[in-house]
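A.B. asks: Below is one structure. I have some questions about it.
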Amino acid sequence: MSASSAHLVDFESQFRLFVVAISLPIACRDVYRSVKIVIHDDPVIYKLNLLQTFLLLVNTVASIPSFFGQSINCTVLSIANFVLHYFSLLTMNVILYLEAYYSSTRTRFVACVCALILAAQTICLALALQGGLFTTSPYGGCKVILTNNWNIGMSVATSILIVFLIGVFIMNLHQLPDMDRNQAYRVMIRHSVIFGIVIYVFDILFLVLEVLGLLDPGITLALNWLIKSRLMTVMMATAYRRRKSHRKISLGAAESATELETKISYGDCQSSDKDLCRMT
């Protein structure tokens with residue numbers, strides 16, 4: 001092995017370890033936040049988000065032993081990594097499908113596109129695993145060598161998924177009755193546009209490096225997974241906060257109405273309530 005090749009392998013191994021190191025705390029935090037949301041609220045999309053964050057955590061923990069001299073079967077570990085990634089994407093697709101299908105009639109087209117993307121991802125996964133070679137890196141971790149570019153298809157498919165995810169988020173945001181336009185734009189920029197730009201910058205960078213042979217496809221897959229999982233969790237947390245805020249507003253209005261009815265029934269109207277009392 002030449003000095004330049006050894007340096008490249010060393011860089012890939014260090015970068016792979018870096019990805020695992022940043023994935024572990026992010027996955028732990030997102031699982032914790034998702035569990036808190038699921039405990040306090042019922043919608044199935046929150047449970048699906050918990051599942052996809054848990055899959056990321058499992059995959060990250062399973063990758064750790066390979067960096068500490070533990071004997072592992074890289075073929076089994078890499079295939080498990082791809083399959084877990086696929087199921088994580090599947091849960092994201094289902095979340096998007098449910099949000100799109102039940103938001104309005106106009107967004108049902110997005111649900112159909114979501115199903116088509118899932119089919120494309122399934123084909124790309126099967127072809128990637130069929131032609132892949134998985135070996136142990138000299139510096140730790142598993143190196144993925146793909147004889148085709150089907151993993152690029154998976155990355156492109158997930159990028160398209162993010163476009164529709166952001167689109168549905170923006171459409172749902174504009175449908176909220178108590179949010180003014182300026183507030184909607186601020187939330188939109190903070191929780192969708194910035195994430196979308198970051199994702200596409202990373203996607204383009206990773207794909208260029210991968211096509212040039214400068215980056216292991218397994219690293220590309222791991223980073224794409226981490227970024228998209230994080231985006232989904234942040235958006236679910238935002239949806240939960242909005243839902244919680246709406247419930248508080250509705251509960252406050254109901255309590256005020258009940259209190260006023262009680263005052264009217266017992267003839268205990270204050271000066272500020274007199275107009276309402278006369279109306280009854």
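Including glycine, each Cβ sits where the backbone N, Cα and C put it.
Annotations for this protein, taken from TrEMBL, read as follows:
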- 15-32: transmembrane segment (TRANSMEM)
- 44-64: transmembrane segment (TRANSMEM)
- 76-97: transmembrane segment (TRANSMEM)
- 109-130: transmembrane segment (TRANSMEM)
- 150-173: transmembrane segment (TRANSMEM)
- 193-215: transmembrane segment (TRANSMEM)
- 221-240: transmembrane segment (TRANSMEM)
A.B. asks: Test the contact criterion for the transmembrane segment (109-130) and the transmembrane segment (221-240): 3 or more CB pairs under 8 Å, pairs 6 or more apart in sequence, then answer yes or no.
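C.D. replies: No; fewer than 3 Cβ pairs under 8 Å.
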A.B. asks: When each of 44-64, 76-97, 221-240 is checked against the transmembrane segment (15-32) for Cβ pairs under 8 Å, which one has the most?
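C.D. replies: Of the candidates 44-64, 76-97, 221-240, 44-64 scores highest.
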A.B. asks: Other than its close neighbours in sequence, what residues sit by the transmembrane segment (44-64), given a CB gap under 8 Å and a spacing of at least six beyond its ends?
C.D. replies: 20, 23-24, 27-28, 30-31, 34-35, 37-38, 77, 80-81, 84-85, 87-88, 91-92, 94-95, 98-99, 141-142, 225-226, 229, 232-233, 236, 239-240
